[in-house]
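Look at Swiss-Prot and you will find 1-22 tagged as region 'Disordered'. Taken from Swiss-Prot, the feature domain 'PPIase FKBP-type' applies to 19-112, supported by sequence analysis. Residues or ranges marked as disulfide bond in Swiss-Prot: C26-C80.
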Amino acid sequence: MGVEKQIIRAGTGPNPSRGQNVTVHCTGYGKNGDLSQKFWSTKDPGQNPFTFKIGQGSVIKGWDEGVLGMQLGEVARLRCSPDYAYGAGGFPAWGIQPNSVLEFEIEVLRAQ
């Protein structure tokens, strides 16, 4: 599967380019294998938007590839197969089981 994108709200700006610092709001779903269960959000109390260098492998592959295909201001849901998420190791601290399909709702706030 890789990464599948469903647009929730279209963007109006340009797509990010590899190597840019991209800032996003993100909510991740798939805790304990249940795609309706949130495991993390930048919108939770005490959290802030997340910034990463796109296309450099600093985040999961689903984010690197999925966000490259998004426009500034776009909100989309990305469904990531295990090999595009946390793979065989999962992410136990967040309740992500090994080989889990995950979904992320991402809003692209900035790219520079």
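Backbone N, Cα and C atoms are what each Cβ position is placed from, and that goes for glycine too.
When pLDDT is averaged over the domain 'PPIase FKBP-type' (19-112), the result is 96. Ranking the disulfide-bonded residues C26, C80 by how many other Cβ atoms lie within 10 angstroms of each Cβ puts C26 at the bottom.
Each residue in the domain 'PPIase FKBP-type' (19-112) gets a DSSP state, and the totals come to 20 helix, 35 strand, 39 coil.
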